[in-house]
Amino acid sequence: MSKGRGRIWEGSRKPMYWFILAYLLLLALPCTGFLPNFWSRVLTLSWDSHTHQYITEQAILNVTLETLKGTEKHQGNQAEEQTRLGRGFWRAVGEVVKSNAAMDFLSSTRSDPVYHFDSERVESAMGMLRQFWAQTLLSVRAKEYQSARHRLGQLFHSLQDFYSHSNWVEMGQHSIYLHLLQPEEPAIPVATDDTPTCMECFSVTCRNNLLPRLTSTQQDSQLLTTGYFSTYPPKPQGKCSHGGILDSSRYMGAKGGINKDSTSPLFSPHHYLHVKAATLATEATLTVLRDLRDTVGHKAFLRLFSVKQVPALVFVMDTTGSMFEEITAARLRAHSIIQSRANSPGQPGTFLLVPFHDPDVGPVYETDDPNQFMQHMENLMALGGGDEPEMCLSAIQLALTHSPPLSEIFVFTDASPKDAHLFDAVKALALEKQSKLTFLLTEDPNYTTEVRGRGKRRRRRSREPLSPDRFSLYSSLSSLSGGLTIFTTNSDIHKVSTIVEDNTAADKVTLLHVEVAQELMSSHSFRVDSSVKNVTLHVTGILTECILTSPSDQSQSLLNEQGSLAELERFQGLYRISLLPPIQAGQWKVYTKSDGQLTFNVIGDSSVDFLYYFATVTNETHPGLARVEGSPVAGVPAFLVLAVTGLAPDEEASFSHVTLLGAQGETLQQVKLNSSSTSSSAYSVNELVGWVDSVPRAPFCVRLTGRDSRGNKLERVSTEMVQPTHVQLQVLSVPRLVPGHSTVVGFNILNHGPARLFNLSIDDDCGYLHKRGSPRYHIAEQGSFYDQVNIHTPATAQAGATVTLSLTVHALDSADSNYAVTYLTVVPPDPDTSPPSCSAAGGQPTCPSVCNESSWSVSLVVSDRGRSGLAALQLRKGEGILTLFLSPPPTEDSMGDTQQQAHRSKTTSGGHPHHHHHKARLEKGDSPLNVSDWILESSQPLWVRYTSSCCSAQAELLVWDTAGNMKRCHLTPGQQRQLTDRSTETNGIGQITLSGVFYLLLSLLWSLL
């Protein structure tokens, strides 16, 4: 997923004609923006181009490592830190990259010039950028991290496009354009519609084709322009085109173009400036990430990208009267997990509990404090209950919505689901988040009925069977998500629940996952490589014989003897087999005889794992691979893209192929990968591509095969079952939700089969759907149908909240179905997007040449220009003392002893003033100081004085308002009447800064009130 990982086709044995065919297809298509992803370099023959993907990944990685250095006692080198970031980190980064690339692929954004800084729509594009920023902040503060990653990807795409599509680089600029996200910074006017900007260019490389004023380095005479693309909007005569062989507007005067998307002259007329544009785009991306980190705090920033996150502990708990033993078992496992994590490195992870019975579900209890979670578990009671079916799927839906991706969710119940209509929504969420569902059922599925007695559920055996398939929905969900369904008893639930600890330990990888249906005998194998430790086998069902064979052909009959290979624990419904050390590397075999269905799951400890997705060559506006949303289409070709994560800094591994495995472990298809043998010392993720000639029609999972540095075969399995289909569901727009207003979400259903009827099920987790039901559509063979979902957001909706919308389409004549999940953010109707302001109110002269004998100071008036009022201040940089006042401070002379008194009089926000003016003092390293309680009105200012030795001649003050907008104020000696305010504001559209004189008058007026 980054630059320099080798050429995709080098050493590949795939037929080159597929590449040629894809490339020729693209020659008929238009193109804008930095290239979307790594595959674009292949299609444009520009191996050294910087793509949106590369710029975004490297910026996130660099700022994440920066942040870790600031929050931990940094040990080890950068490569080691990258290895420890975790699979969840790379999935989170992938979500941002996916959202970034989707701007080039979605029909609602790919041709709109506002999203790409095309066609001189600069003002509208800046407004869009600031909306993306405000929505990102809202989502992070609400802990809606998936929504935040989506908006951040959109923001990065537009921001990066500015440097590729405009004449900013051609004007000789060496720094980023601050005004894009900071309205107070100086702005450069945009050329008007009737102002010519380009001269004719008749070659693929266009040099000096911008008119002189468009390349001027004189600030008072500069003009901004961006290239026009294709036919909409129409290009006026004399304007610049985007350019390149895929842009039809390049033939209109002025001919040529100015884009710097790639290093290929065929696609980018200003290809020779590509590196400069990419460098500025990277710096702009880094700036946004650092501002985001400083605004939301280091902890929230690391949570946003799932940095070093151990697996979430997620319980869905039936709390009816019969569940005492199950609740006790869950408490036991939670306590054990918390104890084991207490001294481990990394983030503590998420703890989440969703209780349910009939008719109540929830509320969701979520925390990252293990002690609070344990206290909540202690207070959980098994009381009451209703009829045998319970609202289990509603609770699972809540758990999936609130838990992070890649979670394993454990469901404790003894009842079948009463809310079966939610099966589609739960299935879609589980697949979209790649989360596993494991059910621990303390009920015999064949011969148990229930009677009631004194508010408590009792069981009694009966010869009258209930429906034997009443738990089938649970089994289906565990099967497709890669989890397990375990039928056990109250007496064994404490032991069976050890699976919770086994599966939620850090760095767990899957070596084998297979289901065996009603076979008396079966044989399966799995491979252990040198990186794998602590291998555990879980087997559900009833075994009559189980023989384990090691790579050295040593065998052990696990049911009948003890041996040196493994130890078996037998519980009702579950066999737990632990390989004994030293574990031999190589192929292990398991031979079994059974009475009924078995499920095998083999896990081990290793940091080496993989992520994957299916993709197709885009057939619209940009050369690249567009990710397939939902399930892939059966029987058609597709690319399979894999990212290998967690290789150690000194470890080399090669990966030859993937195998698509059926539900019972049978091989459906083998897919060759590009030849790769890459050391991870530079990057800890390695991206590979395979060509699937025809996607299998049966469900399958993906197994990656390679060799480790010692030559041992390396295998990893992604356990969720891919469900190939002949129908697609595409969400075309993701609108913002405004309290008290209605909006629509457009979608397309694409039928890849014969003409037939389809049924659509729609669900949202907040109940905002304007109309519920299951509409039907008749869609022609190879046809499509467009429709909309109406959503009404109540006036009481909380800004920052996320609505999870799930759509599932079913064919009525077959098993064909597909899903789409989208996240909609509630935004305030009239948000305060104006940041606070700093204005100089006085200071001492500049420092002399001998610094250790002198000090400098500057006085500032700090206020909020919006409606919210000041919230917090922090001294981020500088070795001096920042003193805060509620009224104008004393004169310069009376402040002479400030530095000497600093440590004696330092107070907190809750303290009382030590001096009739002085309220608090701050130093670098102090946490942000909450000042919101001091502010009686939103317009009330604060006065601050910064004093420092001349040996420390710079400082940085961060100021927030209660709406979350941030101002970054840089302090230097000699700021007597003006503040060197190269600020970075986390704001939306703001107003021009009021002058220092005005603020001084305002402060004097306030002091008289």
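Even glycines carry a Cβ here, placed using N, Cα and C.
What you are looking at is a predicted structure, and each value in this text was computed from that prediction instead of being measured.
As recorded in TrEMBL:
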COMPBIAS  896-910  compositional bias 'Polar residues'
COMPBIAS  912-921  compositional bias 'Basic residues'
DOMAIN    82-302  domain 'VWA7 N-terminal'
DOMAIN    312-490  domain 'Hemicentin-1-like von Willebrand factor A'
DOMAIN    509-607  domain 'Hemicentin/VWA7 galactose-binding'
DOMAIN    609-721  domain 'VWA7 beta-sandwich'
DOMAIN    727-827  domain 'VWA7 Ig-like'
REGION    448-467  region 'Disordered'
REGION    889-923  region 'Disordered'
Inset, instruction - May I have the DSSP-based helix, strand and coil counts for the residues of the domain 'VWA7 Ig-like' (727-827)? - result: 0 helix, 59 strand, 42 coil
Inset, instruction - On the DSSP side of things, how many residues of the domain 'VWA7 beta-sandwich' (609-721) fall into helix, strand and coil, could you say? - result: 0 helix, 66 strand, 47 coil
Inset, instruction - Write out how many residues of the domain 'Hemicentin/VWA7 galactose-binding' (509-607) are helix, how many strand and how many coil, based on DSSP. - result: 0 helix, 63 strand, 36 coil
Legend entry - Stretch-averaged pLDDT - the domain 'Hemicentin-1-like von Willebrand factor A' (312-490): 82
